[in-house]
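Visitor: Below: one structure in structure tokens.
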């Protein structure tokens, strides 16, 4: 139990130490307003990262999620602005489309035995291209429901305002934790990530599980696209460029092994929080370039990947170490 939770404990420790350092430099970090702003600003990333956690836990990768955000935004902007469709109808419509696209990619991955990297890369280019066909310019979204959702928030002690977007992200994390650790689907994801051949021998349908994994990933990416469109009040074909890498970084920093089979959704939440903490510190400082966020995340990735490799080698050595047998008769 301890060895499997060690990456999570290290991630939480890094976040706590980082937060304490920020607090010593800028006492304003003690305000709940800062925490709420981190949740709101990173709500779409957190939602995507939950879906990416399941993908990486299964030993796969999903590079299409950034393009899903872009397509979701321009699609909503078009159908709401040009066709007068209510967001209450447009949201479920685009969610169904996103889930169907993920299911299709999952089917191709399992049926054709092509690496997920290739299939989702194709999906990334396809959706980005379709987004450009819809519109090359940013399309503003003007609708009362969007205005209501973007301003909806609840006051909490300390001067903070927990937005509906931040609350939705936390709800997705809670549901993700439940799915991963309290359902048959979660057990199947861990089993496939640990050893797909053994999972097959156990009677687990890898095709059905793979389809559901990628359907969940693109479904949550579509939900993140909805959140992002509410956050920006617009749809843009260039939205979400590089977000897939931020999501992967959050998952890895959160302690999920890239080889699959080990990791937690809770760790991913802290991975997202660490990225948000670094960005907020840079904003507070005012003298540092925003690119320092990428540099810091890159350093953390190097550290956590090296840590993952070290832990993996340690576990393999322990499992392969010979068992000392004691001859009772000789005693």
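Note that Cβ sites are derived from N, Cα and C of the backbone, with glycine treated the same way.
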Visitor: I'm validating the feature mapping. Which of 89-109, 194-214 is tagged transmembrane segment in Swiss-Prot?
Guide: 89-109
Visitor: Return whether the side of the membrane given for residue 29 in Swiss-Prot is the same as that given for residue 220.
Guide: yes
Visitor: Transmembrane segment per Swiss-Prot sits at which of 139-159, 160-180?
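Guide: The range carrying the transmembrane segment annotation in Swiss-Prot is 160-180.
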Visitor: Please determine whether the transmembrane segment (160-180) and the transmembrane segment (295-315) are in contact (criterion: at least three Cβ-Cβ distances under 8 Å, sequence separation 6 or more).
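Guide: Judged by the Cβ rule, the two regions do not touch, with the required three close pairs absent.
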Visitor: Could you tell me the mean pLDDT over the topological domain 'Cytoplasmic' (64-88), as a whole number?
Guide: 96
Visitor: Of the listed stretches (114-134, 223-243, 251-271), which one yields the highest count of Cβ-Cβ distances below 8 Å with the transmembrane segment (6-26)?
Guide: 251-271
Visitor: Using DSSP, what is the helix/strand/coil residue split across the topological domain 'Periplasmic' (181-222)?
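Guide: Output for the topological domain 'Periplasmic' (181-222) reads 36 helix, 0 strand, 6 coil.
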